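Engineer: Structure provided below as structure tokens; questions to follow.
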């Protein structure tokens, strides 16, 4: 039994009670359970999350117009203090406290955006005397109790996935939670977990990460050193596949994120179109709102940029809606780089995060250059071969970047990359140069501009539907 399971077990009866009770009782029970888990695992460090919540509430009450930008600044600055807390003579937070703080940061920024959208749409309603066509918008500004309840809801409090405040409110107010389909999708999500867990344990025992830091590892031939990163990334994927599939199953068992299929829900964001129950037909539901991983597409999608979409999907939605649109750059690659920098900062202060995440824009630029200068000129068979090579290089790129993510410090990461001659950096730069030599530079630029325009239009459309705006 894991530490988290040991904490959850005594509270399972209360968990079941909260799911089947009315909204006020359900909200209170979910808060009580989540807060109890937080205090039991984080102890005095629970104060960090509490200060973050209260600070966000003050920002929202003081200036809802600027709440998105102010809440982002507040939560990210507090995240810096949280990670440097020992420099101020305070005790180091527990890993549980770190998990709570990370998810809470996402929730508070999202909440500020939702509240601002509520007030903006409310003004539109008053001026036009008509209800705005907003999907998933708040019906009222949340109270401090609502914010605390959302922040400390026991569902995914340490494991994720991220979900919006409106998703939480929809869950609390579910009219007939027991009538929703939970058992079958929950078991379906749990099916591969034992396999992922067994593969993680087996491969990790044969290819331990610590071996990379030894002198003996550097004495191995270069092909073995290159193969080692493939094994390490496989272990990394299996660990998170099992954890996230289990976390999704927990959300499904509680009924969180259950919407009709016709709502066209997105991971993290929830419904994207308006929906209403049809009493004449049997409603079909899904849990896409809380889907955090697409294991198949993570492994088998072709492009580096697409691989990010299927990994940690709810956090990717958050980055896509709250960070990418506000990047201080216009070029697609630079905006992607800014988004990756913010993602690295959210994960932590270890240099390995930044070395890994900031390699992604280089890989995106490389694949764009080759697509414009090579793939576009090939026939169907040639494009098929190109895609297979592209997929192989995509996986090796993620293997390569994963080493920085797990080794954490700059010295170990650079020593490993140096031991394989910075091969993926070299390949990426060569692809960019080949693209320019083959006169793909202009096409690449136009392709990037078009993709950026599509991304921008997509974000604007999503925000118009959900009622969320950015400063």
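Here the Cβ of each residue, glycine as well, is placed from N, Cα and C on the backbone.
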Engineer: Which one of these stretches, 155-173, 174-192, 193-211, shows up in TrEMBL as transmembrane segment?
Structural biologist: 193-211
Engineer: If TrEMBL is the reference, give me the range from 393-415, 416-438 marked as transmembrane segment.
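Structural biologist: My reading of TrEMBL: the transmembrane segment range is 416-438.
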Engineer: When each of 29-60, 72-90, 223-240 is checked against the transmembrane segment (329-346) for Cβ pairs under 8 Å, which one has the most?
Structural biologist: 72-90
Engineer: Taking 72-90, 193-211, 223-240 as candidates, which has the most Cβ pairs under 8 Å with the transmembrane segment (416-438)?
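Structural biologist: If we count Cβ pairs closer than 8 Å to the transmembrane segment (416-438), 223-240 scores highest.
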Engineer: Quick check: do the transmembrane segment (193-211) and the transmembrane segment (223-240) share at least 3 Cβ pairs under 8 Å, counting only pairs 6+ apart in sequence?
Structural biologist: yes
Engineer: Within the same chain, where does the transmembrane segment (223-240) have neighbours whose Cβ lies under 8 angstroms from its own Cβ atoms, ignoring anything closer than 6 residues to its ends? I mean 6 or more beyond.
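Structural biologist: 196-197, 199-200, 203-204, 206-207, 209, 211-212, 217, 293, 295, 298-299, 395-396, 398-400, 402-403, 405-406, 416, 419-420, 423.
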